[in-house]
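Copied over from TrEMBL:
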type    : residues              : note
BINDING : H62, H110, D196, H200 : Mn(2+) binding site
DOMAIN  : 39-118                : domain 'Manganese/iron superoxide dismutase N-terminal'
DOMAIN  : 128-229               : domain 'Manganese/iron superoxide dismutase C-terminal'
Amino acid sequence: MATALFRNSVATIARRGSPFNAAKTAASASTSFVRGKATLPDLPYDYAALEPSISGKIMQLHHDNHHKTYVDSYNQAVEKYVDAESKDDIAAKISLQPLINFHGGGHLNHSLFWENLAPKKSGGGEPPSGSLGKAIDETYGSLDGMKKKFNTALAGIQGSGWAWLVKDTQTGQIGIKTYANQDPVVGQYKPLLGIDAWEHAYYLQYQNRKAEYFAAVWDVVNWKAAEKRFH
């Protein structure tokens, strides 16, 4: 499933030397571009396909409402940025950057998140194999050891954010990192597997028992997708 971003606007911004690093952000997520605007990707499975780990109602609201809002708001912010760029309105460009980073990050993160998940009948929850499985064993001792550290990282997020299994593009090593709000994984690190720790990802089903969500989500993690990103 490809993430579609606002290619023409980002290219224009990058070409003119803007301080906004949207081009770098977009490239880091292996994006493709359709009709010049970010578009909401389809889920590769039915809303209820991840039950009982994640309810169908949560998936519908999460995808159709929350992710769509990030897409729409990102497109609107970039349109305003391009207009400000044409007028050389520095103040407007600076004021728009947080919105672009937040909503663009929300779009990137969620597009990867849907790929991170799969119904059990389609391999969800099956342990990683190949080079990623080996890297996990070497780094954390076992998959269970990695999950424990990952869930500890998730639980330590104050407010809203994400935890990611990442690959250091300079050393090739894997690690676990947390990001606040919708900050995407960019720069030195490549996102392999991310878990959404925002309340909208679990509260309707788990209420304040977020640790139960963190434990249950591993039953539908799509390690095949993470393996592809590892290479």
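For all residues, glycine too, the Cβ spot is worked out from N, Cα and C.
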Excluding H62, H110, D196, H200 themselves, the Mn(2+) site's Cβ centre has within 8 Å the residues H63, H66, H67, F113, W198, A201
Which residue, out of the binding-site residues H110, H200, shows the minimum number of other Cβ atoms inside 10 Å of its Cβ in this structure?
H200
The domain 'Manganese/iron superoxide dismutase N-terminal' (39-118): DSSP-derived helix, strand, coil residue counts
62 helix, 2 strand, 16 coil
Would you mind checking how many other C-beta atoms are within 10 angstroms of the C-beta on D196 (Mn(2+) binding site)?
24
